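Enquirer: Here it is, the structure, as structure tokens.
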Number of protein chains: 2
Amino acid sequence: MEQLQVRAVVTDGCKVAKEPRITSPRGFRAAGLHAGIKRKRKDLGMIVCEVPASAAAVYTMNAFQAAPLKVTREGLEVEGRMQAMIVNSGNANACTGRRGLDDARRMRQETARQLKIPEHLVGVVSTGVIGEPLPMDRMLRAIPGLVEQLAPEGQDSFCRSILTTDTFTKASEVRLTVQGKEVRVAGAAKGSGMVHPNMATMLAFINTDAAVEPPVLQRILRKVTDQTFNMITVDGDCSTNDMVTAMASGLAGNEPLTEDHPDWPAFCRAFAHVARDLARQIARDGEGATRLVEVTVTGAETEEGARRAAKAIVGSSLVKTAVFGADPNWGRIVCALGYSGAIFDPDRVEVYIGSICAVRDGRPVPMDEAAGRRELEQDPVRLRVNLNRGAAQATAWGCDLTYDYVRINASYRT
Amino acid sequence: MEQLQVRAVVTDGCKVAKEPRITSPRGFRAAGLHAGIKRKRKDLGMIVCEVPASAAAVYTMNAFQAAPLKVTREGLEVEGRMQAMIVNSGNANACTGRRGLDDARRMRQETARQLKIPEHLVGVVSTGVIGEPLPMDRMLRAIPGLVEQLAPEGQDSFCRSILTTDTFTKASEVRLTVQGKEVRVAGAAKGSGMVHPNMATMLAFINTDAAVEPPVLQRILRKVTDQTFNMITVDGDCSTNDMVTAMASGLAGNEPLTEDHPDWPAFCRAFAHVARDLARQIARDGEGATRLVEVTVTGAETEEGARRAAKAIVGSSLVKTAVFGADPNWGRIVCALGYSGAIFDPDRVEVYIGSICAVRDGRPVPMDEAAGRRELEQDPVRLRVNLNRGAAQATAWGCDLTYDYVRINASYRT
């Protein structure tokens, strides 16, 4: 199955694949095609595992949770396993009432029928415009062809089929060793508007061939999501459809991973690496973005406080436009910190723009404006705040706010 | 003192002045001039009352509260009275440490000396760039001239002197009758970036010649602020300097107004009218805005829930860009409602774009897109959501998100 030698660098104690593929973990195939939901581009994708995989999911906190999320949740509750994910872009199947639920169930039913597996093993995922019914005829007609195309080489087609306003496909893969056996963790994701902390936000799929029981997979997915996908923001809007799912085929042949397993920490680092990598790619591809912005808050009293502060800064429209304009206006960073709700002493705050200290003891440090400007022209832009109060820290990711964000969103449907 | 006949229309049971003047309530004078903080435009203003007025203030919730707010608070705590406000624009005197506090005190001291009144009766207010020391020499030199210019005609100069990126001056005035005596309530304000709920946000000054004791004035100011200034958002950023102050000269000659006074409801309506009018003007003049957006949420279980929902919708970048593009994309309204944290039943929600019902029972109603587009080309744009669950309601104000917002904020200082 694996012809190419994977080029890799070592990070987080695991090998990072240079050409990541969601189908790389043993047992997974994928496909994507144009079913006619969008005008031209691919809009229907599928991931399938050759065995029922341990599965987990986290869902948007939006009160208008879309129909496919409800159907996926129902299925996952049966035995904590999934064998296939059917995903469409171009239409969110949200705010579609009874008909939307029926449509999501028919997507599931037809996929299960074509794959000859039980319905509850099929997850359903949709993203796109809210409030319009799915073009079910076209979609159902496309499913048999999609199943036929399933292949280990389906990476690219699948990644394309889930995009909306994204400008590039998003994937990540690492390999690690568990009990002497190679384990692979790979993921794919899409952004790029309505991206904001609180789950919600985007779609991501993480596959692994590690053996992990469903409850353990759910715990690690929840924990890692809080530190990665829930720490990105593009525009503060938290969508009706966002979901992260994980499937573990178990085909690597290790003994099931649990929190007591000697290789658990390594697996956690690998899983977190893939999630963080995907989260950063989503933030980098925020609508209209020209640069990734990474905000790290250290010295906080609590992790919750550090997260609030980092998210407030990376989400501030004024910070985002300052980055776009490469204006080292640290006052906006300090202002966002001030309204974040994090607990700190204003007189002990330090702010760094890249490597330049702009604020110490809550007061400005004379700064070379040109050097500050150069730091903000980097990609990624790194902003760091030390609250000098405790040991907790957090990192959040976002992007600059540009003319193109306005252009894209002022003319989305027209 | 009053030469011009005030042209007025009757609203909220009071006469609304067509040419509002902050100096209209008896006892007040104002002035504004160029002291040299900004390059060219007026940047130093003053309001003075001929008697020590009952006074009240609400301050930003930002943890980095600027020096002038601390100094004003100190003074107000002495006896709940103020006789003068010295206001500068162009420099916020925030994050300026010990020196900033000293500078704010020197502004107060010099103002008091020139006016020959006790220092604690002088409020100090600053707005502008964060983290730079005030040019104290130029400011102190300008204060005597400013005092000399104080006049009932100072309305326009004062209103100009407090502006930053605002494109127009903001004032409002109403007149009502209390015990057969004419009472006037007038205000002035500035926006227009870093404007977001939670006090913070902006500066506003409300003057009245009604007799109202300080604690009563503080209560009405707090209550009205929550329903007006705290319900506007331009960009979600809550500044370090924002403050609303009220001064009541008592020169109308009424018996002191309290919650038991027969004319209390009329006074509350008048006070609220001025605050709401100023709040709407600030929202309308949000940075880069082309249209005022007014979001009303009805049928909520609690007022808190209605406010959260209205603020989430009016603050959503996606709703704001949809308004700019006149795209009747009700999905974004529903999405913002969904993450607002308000409690409601998605299947009972109604959404109106202007007079057009776009969503009923949580599902889209077939809509004439051209008509929807026309509604979004109005100014103000009116969006209405009925949660059909309770009797509470709230209104929030904001503006569209445009290319100009990005342009203004990507090049603020450069």
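Heads up, the Cβ atoms here are built off N, Cα and C, so glycines get one too.
Nobody curates TrEMBL annotations by hand; they come from automatic prediction.
Checked TrEMBL, it gives:
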type     : residues                                                   : note
BINDING  : B:Thr164, B:Lys190, B:Thr201, B:Glu287, B:Asn409, B:Thr414 : substrate binding site
ACT_SITE : B:Thr201                                                   : active site, nucleophile
Enquirer: If proximity means a C-beta under 8 angstroms from chain A, which of B:Thr164, B:Lys190, B:Glu287, B:Asn409 count? These are the binding-site residues.
Expert: B:Asn409
Enquirer: Return the residues near B:Lys190 (substrate binding site) by Cβ distance under 8 Å, restricted to its own chain and a separation of at least 6 in sequence.
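Expert: B:Ser89, B:Thr127, B:Ile162, B:Leu163, B:Thr164, B:Asp166, B:Lys170, B:Met202, B:Leu203, B:Ala204, B:Ile282 - these are the non-local Cβ neighbours of B:Lys190 (substrate binding site), listed in sequence order.
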Enquirer: For B:Asn409 (substrate binding site), what is the secondary structure state per DSSP, taken as helix, strand or coil?
Expert: helix
Enquirer: A 10 Å Cβ contact count, applied to the binding-site residues B:Thr164, B:Asn409: which residue has the minimum?
Expert: B:Thr164
Enquirer: With DSSP assignments reduced to helix, strand and coil, which class does B:Glu287 (substrate binding site) get?
Expert: coil
Enquirer: When you measure from the Cβ of B:Glu287 (substrate binding site), how many other Cβ atoms are you left with inside 10 Å?
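Expert: So the Cβ neighbour count for B:Glu287 (substrate binding site) comes to 28.
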